Amino acid sequence: MKLLLLLLTVTLLLAQVTPVMKCWGKSGRCRTTCKESEVYYILCKTEAKCCVDPKYVPVKPKLTDTNTSLESTSAV
């Protein structure tokens, strides 16, 4: 009976593991080091990085040449 109680206690303690902090709209995980397949762009509240799968990171917008748009505006 004591063995059963000990087993139950250990099982309950293992089930109460601290949940992983999520970030980036719940698509990322706060870790000290990211996996090889992950990238990070922001930091979590602690000194951890927000590790995200690259498919969830938005693509950087392509910048337009501002000089050409200014020249065409001044010619009008």
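Glycine residues also receive a Cβ, built from the backbone N, Cα and C atoms like all the rest.
When the candidates Cys34, Cys44 are compared with Swiss-Prot, only one is recorded as disulfide-bonded to Cys51, and it is Cys34. Between the disulfide-bonded residues Cys34, Cys50, the minimum number of other C-beta atoms within 10 Å of a residue's C-beta occurs at Cys34. Cys23 (disulfide bond) and Cys30 (disulfide bond) are 7 Å apart (CA-CA, integer value).
Between the C-alpha atoms of Cys34 (disulfide bond) and Cys23 (disulfide bond), the distance comes to 13 Å.
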